[in-house]
Amino acid sequence: MPLFSHYGDLPDSSARLSYPSLVFAIVTPLVVIARLLGRRFLSGRVGADDWTILVSCAFAETVSIQMIIVCGWAFGKHQNDMPKELLLKTLKLYFVAQILYKINIGLTKISILLLYIRLFVHRWFLTTCWVWIAIVVSFTVGTVFSSIFQCTPVQWAFDKSLPGRGTCINMTAFWYANAAFNILSDLVLIALPVPVVLKLQLPRKSKVAICGIFGLGIFTCITSVLRITTLNVATNHLDTTWNSIGSSMWTIIESNLGIICACLPALRRPLSFFFPRIFSKLHKSSAGAGSHGNPSLPVDSTPKKIEGWSVLDEAGSADALAAEERGGVVERVRGQGADSPGRGEIRKTTRVVVRYDEMDSEIELGQYANRR
């Protein structure tokens, strides 16, 4: 298919943007719906990470539809060839799309971090995730306000025909800074779970496969880099509707591909349910790592605190029960007293099997329920 079509007798490059927008407007919601259905019917729970990616998808869908609309107006054509009213409508909708895009990207990153928090339990890891959530939220809020108030007056961003002369921030520097942060944060999100996964009690091939699932975000990084190559043209030329096609195309690909990659780890279980042969190797490896229960991503070998047990310092009391946690073994000791046999006290040692379902953050206690 040619990259250029014609708007009457005028050159029209809008197909480069409208077709990817249309494809992702269909595919991305389907992927998110599959994720939500998998969570709901296979694990029974929809978490904060799922709701966040759903909201992110709504913003991405809105931007895709906006791009399809502006391509039917003046986008992909030279500004001087377009009627003033149509040009104004196009640039105004494009202005709104820039704001929604930044919210979409921020929500996708937050969803990935919330997924990590749902899967892993290491204290340092959780702290790192929450710190990065704060960083992403702060940066997103800053870029949204910068996008809204990029020009004074605000309308100057999309209507240069206003009386007087408006002023704008350096959009080239702003867009490059935003792209650089996106690439940096994507690399952090890719690398963050790697040391945790490598410590799991799994065969090397399974570890590589799991790291590969979390590392799919590298494709988003690649699209972000490709998008950077188009920013100089988009920001340093006055013919916005013509010169912004390339950057807008990569913007659509980047934002939607980010959502799809964020959904893939959560889609492993529904995919293995519908396509067991394809996912059988990882399925069996994960099952072998756990003590019991349905197969899932790996068991975390780090000792965890078992809620509902406390140490009673009244060792001489007849009803005193001391519970001590030592490497997954809980010791229940009946103290000396009326019901105690004295020096021949009975010591009952019970091993509690704790299984951590890494994909769904489910905790199963082999013999004891959580109680006080």
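Our numbering is plain: 1 for the first residue shown, then up by one each step along the chain.
Each residue, glycine too, has its Cβ placed from N, Cα and C.
As written in TrEMBL, here are the features:
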type	residues	note
TRANSMEM	20-38	transmembrane segment
DOMAIN	34-272	domain 'Rhodopsin'
TRANSMEM	50-75	transmembrane segment
TRANSMEM	95-117	transmembrane segment
TRANSMEM	129-149	transmembrane segment
TRANSMEM	173-196	transmembrane segment
TRANSMEM	208-228	transmembrane segment
TRANSMEM	248-267	transmembrane segment
Tertiary contacts of the transmembrane segment (20-38), defined by C-beta under 8 angstroms and 6+ residue spacing from its ends, are 46, 50, 53-54, 57, 60-61, 64-65, 67-68, 71, 249, 252-253, 256, 259-260, 263, 266-267, 269-270, 273
Tell me, what is the mean pLDDT of the domain 'Rhodopsin' (34-272)?
92
In the same chain, which residue numbers or ranges, 6 or more beyond the ends of the transmembrane segment (208-228), come under 8 angstroms Cβ to Cβ?
112, 176, 179, 182-183, 186-187, 189-190, 193-194, 197-198, 200, 202, 247, 250-251, 253-254, 257-258, 261-262, 264-265, 268, 281-282, 285, 297-298
Sort out the residues at least 6 away from either end of the transmembrane segment (173-196), same chain, that have Cβ-Cβ distances under 8 Å to it, and list them.
102, 105, 109, 112-113, 116, 119-120, 122, 125, 128-129, 132, 135-136, 139, 143, 146, 150, 211, 214-215, 217-218, 220-221, 224-225, 227-228, 231, 234-235, 254, 258, 300
